[in-house]
Amino acid sequence: MNLHEYQAKDLLESYGLKVQKGIVAHNPNEAAQAFDQLGGKFAVIKAQVHAGGRGKAGGVKVVKSSQEAREVAESLIGKNLVTFQTDAEGQPVNSVGIFEDVYPVTRELYLGAVVDRSSRKVTFMASTEGGVDIEEVAHNSPEKILKVEVDPLVGLQPFQAREVAFKLGLEGKQINDFVKTMLGAYKAFIECDFALFEINPLAVRENGEIVCVDGKINLDSNALYRHPKLLALRDKSQENAKELKASEHELNYVALEGNIGCMVNGAGLAMATMDIIQLYGGKPANFLDVGGGATKERVIEAFKLILDDENVKAVLINIFGGIVRCDMIAEAIIEAVKEVNVTVPVVVRLEGNNAEKGAKILADSGLKLIPADGLADAADKVVKSLG
């Protein structure tokens, strides 16, 4: 689950980090009032969407008066912002953040952390190249990114943060401020179950103060049951409508750009299914895992979800029966096909628990379903069904 910038800054500030002060506004009048309340000569207005690249897309503007703040807010709120991280429709802008002017600054740094699956540790990354796309820095100048792996038994140690501060070229009070920032960020990461966080840029002001000018936080969705207050910050308007609907039925769904819909039980099998579709010349329209303990109702909802996509021209159902029984899946498929007006070819591959019984149920249904014997046969048939 992603947080908006203003939410991320509020959370980081509660852990002792110095952040760029700001006020969220949901309409132009609130934006004008926020400018006056901040009291500076300048302010920065940022569209609050769950996507990067806002500046290049026109979602970040510097304003010099309350009237200008009102006009910029009016041009953003209620519109969709399209960035390189969104689809063609973009993300809806329901609010803007009006932030204090912290410039001029002497330096812009980068600080971030992720759960590194290879090392199975929280890994911090820092760089002197803040304020730019960190992916570009990683690609073009990987030596400019410092990495610190944190031992989960002892947590991030002050000496590790000091070492990073020295390598970033900080000096004097800046070193202590950076150590506090990094330790506070780690504490927030662990206590709030972050999956990822970024401060880009982490600015060094002319007076030596270190300030978080931006904030990006992604929370581990599997841990949200432990954080009801954070869950309350969820903005469903920023989520893909199909993925949101899928989550409500405990389905793991990711929309893709192909034309072959996939319904599979198990994430690994789902990945393999997409790979073999690609191998046979097709393009998957989605990743959809109905789970190891799929119910009839969940399978029906999954089928509806796939067919809601106008780009889907064929469907491949690939089920390996373990906990879930193939005969139950077969009954759910029949019910779903009858309930939804299916006009595209549907290829079904069943293996495992009650697979033969499931295949017989499908064969006796009278529906125009295409049976497949094995994964390769299923991929071949679904690609050929497109003509």
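Yeah, the Cβs are placed from backbone N, Cα and C, and that goes for glycine too.
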- Query: Swiss-Prot records Gly322, Ile323, Val324 as substrate-binding residues. Which of Asn265, Asn286, Asn341, Asn354 is assigned to the same site?
  - Reply: Asn265
- Looking at the binding-site residues Ile323, Val324, which one has the fewest other Cβ atoms within 10 Å of its own Cβ? Ile323
- Give the sequence-ordered list of residues that share a chain with Arg54 (ATP binding site), lie 6 or more positions from it, and have CB atoms under 8 Å from its CB. Lys46, Ala47, Val60, Leu81, Thr83
- Residues near Glu108 (ATP binding site) in space but at least six apart in sequence (CB under 8 A): Gly130, Gly131, Pro201, Leu202, Ala203, Val204, Val213
- Per DSSP, Asn200 (Mg(2+) binding site) is which: helix, strand or coil? strand
- How many Å separate the Cα atoms of Asp214 (Mg(2+) binding site) and Glu100 (ATP binding site)? 12
